[in-house]
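A short write-up of the structure that comes next.
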């Protein structure tokens, strides 16, 4: 028999492996890269100069349903601009990168987009946490970024936005409304219209989810509602039974979830299975057909707020919906399709302004000029009037409540939060 | 209402799942001292095997009563094939190599299997729905048990009993014990150790397959990443119970599952710990438990072998 030394070595191997395991637990990114996501956007344009519109969104993994809708909608905008020769002498191309919903990957993508001189604007990302990691990279390069989906207020109004609004980055814009409006809007609907008085608040601790849950809770308490309990889930797991049992025993009559549909769906299902037949309410992050798929039949009656008025019902969106269908994309445009199209179109409008001011050519400092022009962009887009306020936020602050009915989201009420 | 019984059942169910997967880690470790990190993916491929049987082999609308046994067989076939293939082509060539070489191979294999399913299984790029057993939940006192959990509740103890019988009473089982104690002597006594090692991999895969089916039934959907976190948890459970000890794996799994559930349910009520009590902290508490157990019982809850052998 070998001596004692081997025993020690064996134990230390277990120690190394345990450490590896613990480390790997925090590193759960396993999706694969989809770098060849760039698509050719038709060559109907006037030839000459090519301008690339970058896209950064989760194209694989759990959130890909939303991400692919963003990518396709931007692609449609570029194709339309090329076909209609919106900007003389400029052909738009789309370069789509996959961030897998991971801030670190998003930052790498931002660096990559900055390195490509043809990129004059970027649409994306989906997640506020990813947006946070990309802002500085773009701002240093003076490259304009328009997010169709980030709703965390701090991105445009600074971390102390509740006390004093300070815009951190001049190159960052968004067409989506912020959670400073979305959370309270949801609270008003839940308290006044749905008549629920006792809420259990759950979030996933991410920038978006935690921020949204906080603005909801503040307004709900202000209205006189009661918070029966709070919980933070671990987005890497799918067993929420312990939380569901807590919700059931708290006596809450409604659950508010700050987070996204990959967790919200199973969470809703498990809460109902535990015996709490109460609606789960969430923000734009759960407003996806995949939520209904994951939540199953018991998801009927769950609510979500999302940015803007329902695209299907807007007269201004008819053309977009028809064109999207005609283009034959495999994936639906989902919650942010209209906003992504408008974000891309805002970039196209800004490029147009810059080119027109420079005798039909792109200036040398095109990126800085486009960023400057973005501040004053104003046009009638898919989702209504598109323009930005002094923080880079959309001036259109419409929101809509949707409910799950017969296996689909149906709009219930549109409006905005006025304080 | 007192929620403790329900939370204990929640923990028991979660823990049984960990235990089923942990058995594969512990058996392979007990015999070849290899931490088979690809075992979580063997569990995942098992779930996909069961789904394949349901979607592509059985006619539409087959009753789950008939489908479930066939799905189990499909899951086991796929899992065992993957596990035995991994042993033959990835681990056996490295049998004499330093310990770290097969460990790294296992991690690489784990990623490769995930990506293979992601790339080639139709629809696996996002979550896929898993067939469900019809029927409402069952109520026993204040405890609710979901229909999908019944399978896990029955399968885990039954498979444990079968395994115990196999290891204790059959010739191959005794051969496994002998190989675990001392491979060289076992060989001299006429035990075909190569065959025993393959059996250990295959048996672990069978349990992983049962776990994969149970996971699909419990949560209603499966995806290519399902084995990664669960595999790490199961490995933790195996260490907690005493790696190398099959009963330890099951007990470690249940202890880990119950600890996570109770941490989620009750830590927040402890004065001063309200910020550390949510589910996002449950893993931290589970690992604190692991560290405490290993401090006082370095061999794990039931383990004795690690100290004995070598």
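Backbone N, Cα and C define each Cβ position, glycine as well.
Beyond the transmembrane segment (B:12-35), the same-chain residues lying 6 or more positions past its ends with a Cβ under 8 Å from any Cβ of the stretch are 42-43, 83, 91, 95, 99, 102-103, 106, 149, 152-153, 155-156, 159-160, 163, 176, 179-180, 183, 196-197, 200-201, 203-205, 207-208, 210-211, 214-215, 218, 230-231, 233-238, 241, 243-246, 248-258, 260-261, 305. Per TrEMBL, transmembrane segment is recorded for B:12-35 (among others).
For B:42-58 (among others), the entry in TrEMBL reads transmembrane segment.
Same-chain neighbours of the transmembrane segment (B:64-86): 24, 36, 38-39, 41-43, 45-54, 57-58, 109, 113, 131-134, 151, 198, 201-202, 204-206, 208-210, 212-213, counting only residues six or more beyond its ends whose CB sits under 8 Å from a CB of the stretch. Under the heading transmembrane segment, TrEMBL lists B:64-86 (among others).
Residues or ranges marked as transmembrane segment in TrEMBL: B:98-121 (among others).
TrEMBL lists B:150-168 (among others) with the feature transmembrane segment.
The transmembrane segment annotation in TrEMBL covers B:196-214 (among others).
The transmembrane segment annotation in TrEMBL covers B:226-243 (among others).
The annotation transmembrane segment is assigned in TrEMBL to B:250-268 (among others). Sequence-distant neighbours of the transmembrane segment (B:250-268) (same chain, 6+ residues past either end, Cβ-Cβ under 8 Å): 3, 7-8, 10-23, 156, 160, 233-234, 236-242, 274, 276-279, 281-283, 285-286, 289-290, 300-302.
Marked as transmembrane segment by TrEMBL: B:280-296 (among others).
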(message) With pairs fewer than 6 apart in sequence excluded, do the transmembrane segment (B:196-214) and the transmembrane segment (B:98-121) have three or more C-beta pairs that lie under 8 Å?
(response) no
(message) Under 8 Å between C-beta atoms and at least six residues away from its ends: which parts of the chain pack against the transmembrane segment (B:226-243)?
(response) 15, 17-26, 29-30, 35, 37, 39-44, 47, 110, 114, 215, 249-253, 255-257, 286-287, 289-290, 293-294, 299-306
(request) Please indicate, using numbers and ranges, the residues of the same chain that are 6 or more beyond the transmembrane segment (B:150-168) and have a C-beta under 8 Å from a C-beta there. (result) 13, 16-17, 19-20, 23, 68, 133, 138, 174, 176-177, 203, 206-207, 210, 213-214, 217-218, 246-247, 250
(message) Cβ under 8 Å, sequence separation of at least 6 from the ends of the transmembrane segment (B:42-58): give me the contacting residues as numbers and ranges.
(response) 21, 24, 67, 70-79, 82-83, 86, 113-114, 117, 121, 124, 128, 130-131, 204-205, 208-213, 215-216, 222, 224-227, 230-231, 234
